[in-house]
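As structure tokens, the structure follows; a few thoughts come after it.
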Amino acid sequence: EKLELVDGKVNWKGETAVKHKHGGLRAALFVLLAFAFENLANLHLAVNLTTYFNGILHFEVSDAANALTNFMGTGYILSIIFAVFADTYIGRFKSILISGSVEFLGLALLTAQAHYSSLRPPPCNVFDPTSRCEKLESSDTVFLYVALYLVAAGMAGIKASIPSHGADQFDEKDPREAKTMSSFFNGLLFALCIGGAVSLTLYVWLDDHKGWDVGFGVSTIAMFVALIVAVLGWPLYRIHVVQGSSVLLELIQVFVAAIRNRNLKLPENPLELYEIDKDKEAALEDDFLPHRDVYGFLDKAAIKTASEKPNPWKLCRVTQVENAKILLGMTPVFACTIIMTLCLAQLQTFSVQQGLTMDTTIVGSFHIPPASLPIIPVVFLIFIIPFYDQIAVPLLRKVTGHVTGISHLQRIGVGLILSSISMATASIMEVKRKSVARDHNMLDALPVLQPLPISVFWLSFQYFIFGIADMFTYVGLLEFFYSEAPQGLKTVSTCFLWTSMALGYYLSTILVQIVNRATKHITNSGGWLAGNNINKNHLNLFYLLLALLSLINFCVYLFVSSRYKYRSKN
């Protein structure tokens, strides 16, 4: 019976979880289904909110893009805070329920603002240069941002907690369950794609044709269903026991202690550095990492002084210090992936604005909403993920001898160079789109109402290439952090990906503002990206700038990755 118990996990009654009764793939399916519904609820916001900000709330195009990237960035950066809060105080499952409720409330408020005319400006065509469209009143602006950032906070909590809670349903020490856990992570991405595919098509169509209140309303319903599904799985879950201490806090303590001990002299023998006795408390099953002669300044955090009582902000164990060293070693790789999200942000903002000016006809009278263009890489991923996992990896494994076919760093690098190619392709497509507008004397054509005689599917090239890049870099980065992070950091490691994406979104906002200010006096439009008429803007030059920045970033990444030493798993 002892073998059937799962250490560190309890059931919904607070009793020790039992294998074959709690956890496993059956419980994980509830997690995956809840994640699919959550993405169904919010993924269309990532591509269509710029249209809402611009067309309904009368933001300028660049302001709408910045509002979206700030919203997305906040939704990612807050995941770190939620991860710490979940691990330290409330647990991952409760974090999912609280975060889901917050996101549900935010979506309900967005629905209310879209429905009631008193909470938004009067209808007006922002693309008509003769119109004088009213802006949001200050009180309505507050209402908007409260709703938006409630959604962002909820999204952050879900992103921080669902991957970890799902992984909790499997025992890494059991070979069969460990293999199934690997399938769970593939299923997580698959669930995202399935929920995203419906959100990017049906929900975007509802936004554009049935009204934004309907689009936000069905999102609210989908989020409610996600919560119900998560709760239904409660009796089956293995619930992680709150540790009472945060690994992230312990890492901060290392840097603080190293600074406070900066004037102390390191002992010649590293064995004299502080470490807890392996026999005490059965070592709490912690990993004991050996000392390494790298980042020696951090070793000062483990210098023992007999004159003082142990203080976690002045004395840290060697394993703590080594965890901090591993994190510090991964930081350059992490930094090189930020610019990829900067490119992604443009596909969710300016590329959608491009699509609004183009012919969206598919067949007959059926039109594809421009915001639905990201469905192209999503559908591709639905098919390519199983192909890559089941066919490509085994073939590559025979050639390279690497367990995952190619190394995590190689996988990330492939995605980074593809993102540069995607932006270069976007620049070429924008030149072609503007030339059509110029040749047909349609530079002042109204988006949607007067589409250019060029198919919106010309934009699918940049989306398709970036979709492949997305599979390589983002999934590769998630695997890299998870595999390289020591045991105590694996819970927080998934949030490093979200943090990278958050910084990319914020960087997009900053770069758009810098580019507009730098080009304000050298362009007739008042900046490369200024105003509402992208036919007279210089979006092609902005895409080209991003392609060059991505290429430079890739060269830096080659240098960084070549110097990285994989952590020994022994």
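Just so it is clear, glycine is given a Cβ too, placed from its N, Cα and C backbone atoms.
Counting same-chain residues at least six beyond the ends of the transmembrane segment (27-47), those with a Cβ under 8 angstroms from any Cβ of the stretch are 68, 71-72, 96, 100, 103, 107, 151, 155, 158, 162, 165-166, 169-170, 180, 184, 187-188, 190-192, 194-196, 198-200, 203-204, 207, 215, 219-220, 222-223, 225-227, 229-230, 232-233, 236-238, 348, 352, 371-374. The transmembrane segment annotation in TrEMBL covers 27-47 (among others).
What TrEMBL lists as transmembrane segment is 67-89 (among others). Long-range Cβ contacts of the transmembrane segment (67-89) within its own chain (Cβ-Cβ under 8 Å, at least 6 residues beyond either end) map to 45-46, 49-50, 53, 59, 95, 99, 148-149, 151-153, 155-157, 159-161, 164, 242-249, 345, 348-349, 491-492, 494-495, 498-499, 501-506, 508-509.
Under the heading transmembrane segment, TrEMBL lists 96-116 (among others).
Counting residues 6+ beyond its ends, the transmembrane segment (142-162) has Cβ neighbours under 8 Å at 31, 34-35, 38, 42, 45, 57, 67, 71-72, 74-83, 86, 92-93, 95-96, 98-107, 109-110, 113, 119, 136, 188, 223, 494-495, 498 in the same chain. Positions annotated as transmembrane segment by TrEMBL: 142-162 (among others).
Annotated transmembrane segment per TrEMBL: 183-206 (among others), in sequence order.
Residues annotated as transmembrane segment in TrEMBL: 218-237 (among others).
The transmembrane segment annotation in TrEMBL covers 326-347 (among others).
TrEMBL lists 367-388 (among others) with the feature transmembrane segment.
Residues or ranges marked as transmembrane segment by TrEMBL: 409-429 (among others). Within its own chain, the transmembrane segment (409-429) has Cβ neighbours under 8 Å at 333, 336-337, 339-340, 343-344, 346-347, 351, 354, 458-459, 461-462, 465-466, 468-477, 479-480, 540-541, 543-544, 546-547, 550-551, 553-554, 557-558, 561, 564, counting only residues six or more beyond its boundaries.
The feature transmembrane segment is assigned by TrEMBL to 461-482 (among others).
Residues annotated as transmembrane segment in TrEMBL: 494-515 (among others).
The transmembrane segment annotation in TrEMBL covers 541-560 (among others).
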Beyond the flanks of the transmembrane segment (218-237) by at least 6 residues, Cβ under 8 Å:
11-12, 22-23, 26-27, 29-31, 33-35, 37-38, 40-42, 44-45, 93, 96-97, 100-101, 103-104, 107-108, 110-111, 154, 165, 168-169, 203, 206
Beyond the flanks of the transmembrane segment (326-347) by at least 6 residues, Cβ under 8 Å:
65, 68-69, 72, 251, 294-295, 298, 374, 409, 412, 415-416, 419, 422-423, 426, 462-463, 466, 469-470, 473-474, 477, 480-481, 484-486, 489, 496, 499-505, 507-508, 511, 542-543, 546, 549-550, 553, 556-557, 560-561, 564-565, 567
With an 8 Å cut-off on Cβ pairs and a sequence gap of 6 or more, do the transmembrane segment (461-482) and the transmembrane segment (96-116) reach 3 or more such pairs?
no
Are there residues at least six beyond either end of the transmembrane segment (96-116) with Cβ under 8 Å to its Cβ atoms? List them, or say none.
34, 38, 41-42, 52, 56, 82, 90, 140, 143-144, 146-158, 160-162, 165, 211-213, 215-217, 219-220, 223-224, 226-227, 230-231
